[in-house]
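Engineer: Got a structure for you, questions after.
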Amino acid sequence: MKHDVDQYFETVLGITRDAGKIIKEGIARTKNVDTKLGSWDLVTQYDRRVENVLMKEISKKFPSHKFIAEETNAEQKATPELTNAPTWIIDPIDGTTNFVHGFHLTCISIALSIEKEVVIGIIYNPILDQLFTAIKGQGAHLNNQRINASQVEELCKSMVCLESSFACIPSLKDSIMKRTEACVKVAHGIRVLGSAALALCYVAMGVAEAYHIDGLQCWDVAAGALIVREAGGIVLDSTGGTFDMMSHRILACGTKKLAEELVILFKKADASIIKININNG
Ligand code: 2AM
Ligand code: CA
Ligand code: CA
Ligand code: CA
């Protein structure tokens with residue numbers, strides 16, 4: 001079947017902008033905040049409302065398309081499975097903790113996968129009215145202006161975006177702390193923005209050189225990874241291999257050289273944990 005990707009893009013862009021109004025109106029209001037995996041993993045009535053609106057409106061236009069969406073997935077307690085079918089991968093609010101605190105870095109992230117390849121990425125921050133978009137092969141844009149990833153090749157000249165929330169997960173904690181420490185010692189600076197999707201957009205527009213965290217889901221990274229690549233950046237598995245959005249490991253950089261330096265640094269950081277564990281018996 002032939003797909004009119006440009007038409008899918010235009011249609012879902014309009015739906016996304018409309019859904020953004022819910023976030024813009026909600027950010028200053030009282031929210032009902034529930035937790036999922038733990039006290040750091042939040043969800044509000046707005047996450048569910050935005051997701052429902054997006055799925056309902058997209059289904060009306062494209063009834064045969066499938067969805068992988070964060071809150072629906074959480075309710076079903078399912079492991080997300082990607083098929084060859086056209087599938088909209090939706091994070092209704094990326095940066096829920098920011099949203100709950102009224103902190104302005106929060107967005108909708110939507111990607112379209114066809115034959116397991118992401119061909120559309122849309123990330124919209126309705127508070128700052130920043131719309132990041134990419135269609136495969138057509139470059140990356142912020143509010144219709146072309147954006148490009150940084151050309152910086154050395155970590156000592158880089159701004160690196162990381163995450164802190166996963167440090168609450170015992171299996172990830174040691175590695176996150178050691179990798180963060182290693183970056184702190186070398187990089188120009190590190191930033192923890194609280195939105196994976198927006199951090200990837202900042203790599204795409206060259207204001208950050210790298211973004212990394214292990215533990216994310218496909219809806220956190222599907223759109224952002226395409227936007228980084230279309231901006232000329234590189235997206236890898238954080239072990240240095242091929243990126244797979246279903247694998248929970250991501251390293252996005254402006255340049256290949258910087259990515260290589262970070263992969264080596266992360267390997268050394270992880271090896272130091274194993275040594276500590278051996279020394280502690
Ligand atoms: P979310 O806001 O959609 O949950 C910082 O918390 C970043 O990590 C956000 O992009 C957040 O997405 C993502 N993230 C993914 N899984 C998370 C979890 N279990 N707890 C907190 N943040 C999570
Ligand atoms: Ca969440
Ligand atoms: Ca998310
Ligand atoms: Ca979310």
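The backbone N, Cα and C atoms fix where each Cβ goes, glycine too.
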Engineer: Name the residue, out of Glu70, Glu71, Glu115, that TrEMBL lists for the same Mg(2+) 1 site as Asp91, Asp94, please.
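Structural biologist: Record check against TrEMBL: Mg(2+) 1 site with Asp91, Asp94, extra candidate from Glu70, Glu71, Glu115 is Glu70.
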Engineer: Filtering Asp91, Ile93, Asp94, Asp220 (binding-site residues) by proximity to ligand 3: which pass a Cβ cutoff of under 6 Å to any of its atoms?
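Structural biologist: With ligand 3 as the reference and 6 Å as the Cβ limit, the list reads Asp91, Asp94, Asp220.
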Engineer: For Asp94 (Mg(2+) 1 binding site), which residues in the same chain are close in space, meaning a Cβ under 8 Å from its Cβ, but six or more apart along the sequence?
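Structural biologist: For Asp94 (Mg(2+) 1 binding site), the qualifying residues are Thr106, Cys107, Ile108, Ser109, Ile123, Ser195, Ala196, Ala197, Leu198, Trp219, Asp220.
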Engineer: In the same chain, which residues outside the set Glu70, Asp91, Asp94 have their CB within 8 A of the centroid of the CB atoms that define the Mg(2+) 1 site?
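Structural biologist: Neighbours found: Asp47, Ile90, Pro92, Ile93, Thr96, Ile108, Ser109, Ala197, Gln217, Trp219, Asp220.
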Engineer: Hey, of the binding-site residues listed (Glu70, Asp91, Asp220), which one tops the CB count within 10 A?
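Structural biologist: That would be Asp91, with the most Cβ atoms nearby.
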Engineer: How many other Cβ atoms sit within 10 Å of the Cβ of Ile93 (Mg(2+) 2 binding site)?
Structural biologist: 31
